[in-house]
Amino acid sequence: MDTSPPIDADALWNATFDQEDDLHAFEVALNAEETAELSGVPGSPMLPGSSSPRIRKISALSDFAPVNLKVKRRKRKDKHAAHKRLGHDWLFILVRWPLLLFIFLFIGAEFSIYVMLRQLVNAKEWVTAWRGQKGKLRKTMRASKDYEEWKTAATELDHYMQFDQWKHVDEDPYYDWRLIKKVGRSLKMLREKGDARGCLGVLETCIRSNFAGIESSRLYSETYYGTKDLLEEYLAEQERALEYVRETPDLSLEEKKRFFKNANANYGISALCLSGGAGLGYYHYGVVRALLDAGTLPRVVTGTSAGGLIAALTACYTNEELKHILVPEIAERLTACDEPFSVWFKRFWQTGARFDSVIWARKSLWFTRGSTTFREAYLRTGKILNITVIPADRHSPSKVLNYVTAPNTIIWSTLLASAAVPGVMNPVVLMEKQKDGPAIPWNWGSRWKDGSLRVDIPLQALNLYFNVTYPVVSQVNPHVHLFFFAPRGSPGRPVARYKGKGWRGNFLLSAGEQWLKHELTKNFKVIRDLELLPEIVGQDWSSVFLQRFEGAITIWPKTRFMDWLAILEDPTVEEMDRKMKVSQLVTWPKIHMVNNRLRIETQIYRGRQSVRESMRTKKRLSVSESPNGMKSSPPPVSGSDLPLSVDTDAEAAFANGTQWFYHRGHDQQKHKQQQPQSSPRLLGQDPLKSSSVRRKWVADLLQHDGHARETRYARPVINTGIYRRPRTHSVPNMYPGGSQADEVPRSSGLFSSQVARESSGSSDSSESIDDMEDHSQTQASVLPTIEGVRSDGDEDSDV
């Protein structure tokens, strides 16, 4: 039962945050043009351990010249200096501009044909598919006020168009339906028999991302709502099995801890990725609101440029607070572009940027709850915020900021950096909060700018830091949105003709669209690889069209032409209401697919939290019964040393690193934690506790539909470098009908591929090299027997 106090909506809307000291420090850091000037800032990392300004040495041109005399530096006049620096020869200089002009003319012609082709597809679909009763049902579905009303209308449309018949047929080429049937039947049988370790073995085999192809978007693209009945039954049974493993007393806490940790590593987690797009980014508000109302909002949120503002708002406020904030009236808080033309044009003429960084910093305080840091936001809401930025120089790599990479960095400074598009805002300095005193520049005062210029959706970094394997992307970038086209339908939006099994328009139109899109991509790659495009306002724009803009699920809010004209204007309340409704309407068809994924994630998360709560003696972490995650913890004091709660492996590494940091210089033996040593005797006493043997038994179970058979086990051996003759040892047989002991030859040397494959115990043909890589992070649970120690406890004299 939730005992948290009710939310005061008026207090949320009228909250003010006085951060003038941090804003002043930010302004001082922006005005410091040289690195030496930053060292004079009190507490600056440029001078560790010093709080006084640095005294500059007296310098002069000569002994007879006055000191501190400003002398203008002479500029070297070399017309070919840039070409010499880049190493370009005369042929490149001669051919570059004609070739670039020719490619752009070709791109323009292809783009014109592409637009005409897309309009032809839309017209053909409307004439042939959306007339009569189908058109009326479609209008009813699009006029829905909430998700439940939309789901009812979508089910009626599926029934009228006979799309629901596809759900009752198990066979489909886009997933391994036979394997899903076997696994579901085995889970149900073992759970009903009360076989906890058998159920654990089956789950160790099937808990992994996209197991047997069940996460394919094609399985949700044949109907407006829902997927195969077999898949729904399998997910429900898997959910019940995970709950059974969590609550059963037949498994020890160590076994549960090892299982749920491995399951979390193999399965991964979901993340909501919000793209850039300037004024088009306001469509993200409706996407977040739709996921929030359905209870499917992921804990990991990332944003770039305009999406970073919505991501920060989502991560800094709790879900209950967001329900009062994400309304059309939020447009009254969006006043970034309220300056008249006479003001911003003068600034643009003087500085080269339309907007002032300090003014935007003051206006963003409400969205980030003042000078909240990444670490403080995580401790308050349990959500993991990620903001993508890139250095101001051309060749430095991009960086994803979160509570692991930049825990004490102030969020509003990263939002400004992520929105610093050339011509819109100049690169800014990131600010870091101290325990006491004003903020200081982060990373020695380096300048940062918009991350969407290189990495709009940081999928690789999210997978590295938080094991994100299922990104949900909301894409509104104007240069990308126009080229989205799903020729075979998308989740919740099947092809309107041929019972969803055809091509949009027809095959020739869809093939032409794909060919033109690949031709456009090829031409942009030629421009990038040949370095034909020059730098414009100090930025390389050749990779803007060549990023990965999609995820496992991609939501494309439907924009209109007037949005492009008002891309740098603040929305009104009426316009915000329209944008939120449009984005909610395109998000509802994806919610069922997201929910099926989060059902398993939630059970794994609850299992890990339940085990921690049972094993923890102090500072127990309460777990929410809702699928939205853990309860909110009170906001920490600025600069608090409060340790973070551990969820993913990256969070565990951060917590352990923090513990080491604060214990450095003290007696390490005092803080050292004793790790329980695993003995090979456990494997001899109860082989079911070995994950490799358990997976082997599951493989036999799935192959013979639940009938066990006698099996030989090869135990992996570690090479000790000592020659030993082959020996045999006894492994107790756990299966009915088998002999009391099976003689297994032992061999010295490294693992062979056959032994490694047998020890993995996987019978699924789809779990090959990728699955072995998934297990590389969790090999500690396999517990290999060390050479020289027998399973019955006897020791060899050779060792």
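Every residue number used here counts from 1 along the chain in the order it is shown.
Placed from the backbone N, Cα and C atoms, the Cβ positions cover glycine too.
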Annotated range (TrEMBL: motif 'GXSXG') out of 53-57, 303-307, 638-642, 728-732: 303-307
DSSP-derived helix, strand and coil totals, residue by residue, for the motif 'GXSXG' (303-307): 2 helix, 1 strand, 2 coil
Rounded mean pLDDT for the residues that make up the motif 'GXSXG' (303-307): 88
All-chain count of other Cβ atoms within 10 Å of Ser305 (active site, nucleophile): 29
